[in-house]
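Input: a single structure, listed below in structure tokens.
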């Protein structure tokens, strides 16, 4: 009988990172319950709305969701849906269902996360008809591949894999019909920061090497060397969350550099305060009326410590370098 491997510090760290997936989903569930944006599917992953979140947290998530979706949707429109999307560290994200509802479905939508996270998501999909029905509607045959750690249909695929093992990731994606010739959008939200700089560089480099026409959207921390950034790091450390890749989060330049050094042609980055100011102001006005925000400075500080960085390479001249806010 095989003996159980001793539980290591890295297991604890991985478990803490997996817990951040629940944090994000719980925060999004609360913000949508307050009408910051609409997401009819998130309720199937987190049943109760949970305890109240501070208004600055809700506005921060609003900026994140709106900002990432702006670039993602712009890419899909540029490619006229003839593309694929890979969400790295997707957690309990609901983007696939939103894109189907908005007639913005790519040729195939892939999600990758730790096998334990994937197993939970697959369980929710299997047991909740509002989640499984859209999947079946976009699938042409009777057979859906469904096991504990992977789900594969014509248009949607979830894979359990560790992003730190690139060859295994590449092998699994290709097994499920990833097409390197298709324009490809890769997305990661607060994922690369939990990997060492060399591990995240490997992911970013693999993506640049694999796809000739692609865009990578990365949402994560910024300005982490100032006092506010240090407090963020300490708070996460108390929960055993180690930001192993924090050195890439020092500035907008260091964020862009990671992509420009690994084979991407073009990279841009904005802090979330700037993104927030560039979102459609009528809708921003609407959400600012939802809850009174006492300390505007706190929101500003929070948004200045997150960024969206996006990088492109464009062999077939789709005009990807024009995508911006």
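Glycine too: its Cβ is placed from the backbone N, Cα and C atoms.
Automatic prediction, not curation, is the source of TrEMBL annotations.
Here is what TrEMBL says about this protein:
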- 64, 89, 162, 163, 189: S-adenosyl-L-methionine binding site (BINDING)
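Cβ neighbour count within 10 Å across all protein chains ranks 163 highest among the binding-site residues 162, 163. All protein chains considered, the CB of residue 64 (S-adenosyl-L-methionine binding site) has 23 other CB atoms within 10 Å.
A 10 Å cutoff on Cβ-Cβ distances gives residue 89 (S-adenosyl-L-methionine binding site) a total of 24 other Cβ atoms nearby, all chains included. Sequence-distant neighbours of residue 189 (S-adenosyl-L-methionine binding site) (same chain, 6+ residues apart, CB-CB distance under 8 A): 24, 64, 68, 89, 218, 219, 220.
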